[in-house]
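Taken from TrEMBL, the feature domain 'CHY-type' covers 1-67. Taken from TrEMBL, the feature domain 'CTCHY-type' covers 69-131. As annotated by TrEMBL, domain 'RING-type' applies to 132-174. According to TrEMBL, the compositional bias 'Low complexity' annotation covers 242-252. Annotated region 'Disordered' per TrEMBL: 242-277, in sequence order. Under the heading compositional bias 'Acidic residues', TrEMBL lists 253-269.
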Amino acid sequence: MASPAGCEHYVRSCLLKAPCCDKLYVCRLCHDAEENHQMDRFKVREVQCSKCQTVQQAQQTCQQCHVQFGEYYCDICHLFDKDKKQYHCQPCGICRIGPKEKYFHCEKCNLCLAQDLRGNHKCVENVSRQNCPVCMEDIHTSRIGAHVLPCGHLLHKTCFDDMVRKGAYRCPLCMHSAWNMEDHWDQIDIEIAQSPMPTEYQGATVKIICNDCQAHCTVPFHVLGMKCSGCGSYNTAQDGGLIQQPQQLQSEQDTENEAETDTELEQQDQPESPTQH
């Protein structure tokens with residue numbers, strides 16, 4: 001909704017003249033919400049002063065009444081807003097909220113990331129050009145911050161927070177653990193130690209694939225989880241059915257043999273039928 005101070009998205013004192021339809025809107029987001037097409041922010045050439053209503057070339061200060069349209073102005077994105085330490089990232093092609101010195105542009109990910117992730121994240125080529133795998137909305141130009149998962153995939157920070165609240169700990173794209181799960185794996189270790197499997201399943205193993213380290217291994221079967229022998233993760237998927245150990249097979253064979261012996265003895269104890277003449 002428009003106001004003298006801007007809209008719900010930005011604080012500014014001007015309206016953008018949409019190059020696509022010549023209509024006046026406070027911002028591209030307000031335009032896109034009302035129209036059946038999108039405004040190209042980079043093609044904006046004119047703005048209207050909210051104070052004196054003078055239509056003029058896009059610039060930071062009104063040529064007529066000299067009101068400042070925004071504390072921050074980018075003449076590439078035509079972004080007017082209050083000062084949030086914004087900066088224009090040339091490789092990203094858009095403005096980012098800074099301060100600039102706290103961020104760097106990762107060439108492979110094609111995204112601005114916090115300095116503490118420099119050399120400390122898994123690169124995925126052009127990852128920011130993919131939509132958020134949770135809400136399926138754009139990440140690169142979104143006003144919502146992006147969260148980088150250990151696997152390198154991105155999702156909106158708000159979507160990640162929702163995942164945490166719901167206990168969904170896997171990346172929606174590759175199933176890798178979305179945060180450090182070591183404490184949780186330790187808890188599962190304790191629960192398994194306190195909950196032995198029934199006799200018929202003791203010693204049974206199963207093949208698994210680990211979603212965290214991609215290892216293929218054969219591990220003890222337990223209904224509470226199968227632990228990767230490579231990295232210790234319980235974020236695993238079963239690959240095939242149970243594998244019975246030799247002692248289990250022998251025990252089952254002995255049981256079958258005993259059953260057959262009992263049947264033979266029962267048959268021997270039965271009286272013979274008289275011969276018919």
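Placement of Cβ uses the backbone N, Cα and C atoms for every residue, glycine included.
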I need to check the long-range neighbours of the domain 'RING-type' (132-174): which residues 6 or more away from its ends have a CB within less than 8 Å of a CB in the stretch?
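The answer is 9, 92, 94, 109, 111, 113, 117, 121-124, 181, 184, 211, 235.
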Taking only the residues in the domain 'CHY-type' (1-67), give me the average pLDDT of this model.
92
